[in-house]
Structures are given as structure tokens and as C-alpha cells.
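Peer 1: When I checked Swiss-Prot for this same protein, it listed these features:
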ACT_SITE  C52  active site, thioimide intermediate
ACT_SITE  D59  active site, proton donor
BINDING   V74, E75, S76, H93, E94  substrate binding site
Amino acid sequence: MTKTDVSGLSQLGAKVDLPQSPEEAVLERVPSGHGGTDFVVRFTAPEFTSLCPMTGQPDFAHIVIDYVPDGWLVESKSLKLFLHSFRNHGAFHEDCTIEIAKRLVSLLSPKWLRIGAYWYPRGGIPIDVFWQTGNPPEGVWLPDQGVPTYRGRG
């Protein structure tokens, strides 16, 4: 079993206040320890919250992030705090989704990353936002993101 060096982490195991904005949030990474092996890491945030930049009303999404590491893993507590920092952040659905993906790509330089953000309806229209860095590595198992298309009461 590989022992992961966590000595450089500032949030894991510490009491940390919730960042007031995504810009303040500190994303941290740890070495993957499995170089040469392609595998998929999935994070699911079924209760993601941000604010509408126009009305200040809350927006809710079910977000699924999949990535194939290339040396680095995102430290999950820092990711949780980063995602929670959007709770008081006003931005459109598309902006939130792409900002999350780009911050992770910048931090990790993964072989591949995709994000699916399934936003709950506002004004009667659900908005789903999808983005990925390119084609996934050949041979990796990519399960469906598992979020059904919004049907309302149909």
C-alpha cells in the first residue's frame, strides 16, 4: 500500500473556516502514488448551491466530476470547501461549472477531466452544463454520470 505524503496540506485535519468566495478557497493536491496506471476518480456533489447573480436567489445543482489523474489527486476536504464557497457567490450556472473545472485542471493537470452540472429548474427551465478536456484515455472505464434528465412531475 502506498503512503501518501500529506505534510504540505494546510486544511486536512485542521479546523478551517468556510471560504467566503471561490477566489479565496484553497484547493490542495496530493501525489497519486499510482503512476503508469490510468484510473477514474469521481466526486459527486448532489447539493451544490450558488446564488443567481441577478436576483440573489439560491440555485441548486447536482455536480459530477470525473478525472484521470496524471500524478496528482485533489485533496477532498479542500474540494469540499471550494465547492461550498460558491454558496454566497453570484454567478450564472455556466460560469460556476466552468470555473470549477478550470480550477481543477489548473491544479492537477489531469490526463482527462469532465464535469456534468445538472442544475435544478429556475423559471421552469433546467440548465445542464457539460465540459471536458478532450477524449478520455483509451481503456478507462467511464460509468454514466447517473443523473437522470429532469422530468418534473411527468
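Glycine too: its Cβ is placed from the backbone N, Cα and C atoms.
Quick one: where do these features end up spatially?
Peer 2: Cβ neighbour count for C52 (active site, thioimide intermediate): 14 (other Cβ atoms within 10 Å of its Cβ, all protein chains included).
A strand conformation is recorded for D59 (active site, proton donor) in the three-state DSSP classification. Listed in sequence order, T49, S50, L51, C52, H93, W119, Y120, R122 are the same-chain residues at least 6 apart in sequence whose CB falls under 8 Å from the CB of D59 (active site, proton donor).
If you draw a 10 Å sphere around the CB of S76 (substrate binding site), it holds 13 other CB atoms from the protein chains shown.
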Peer 1: For a quick check of understanding: given the listed substrate-binding residues V74, E75, S76, H93, E94, what is the maximum Cα-Cα distance in angstrom, as an integer?
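Peer 2: 24 Å is the greatest Cα spacing among the residues binding substrate.
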Peer 1: Output the one of E75, E94 that, of all these binding-site residues, has the highest number of other Cβ atoms within 10 Å of its Cβ.
Peer 2: E75
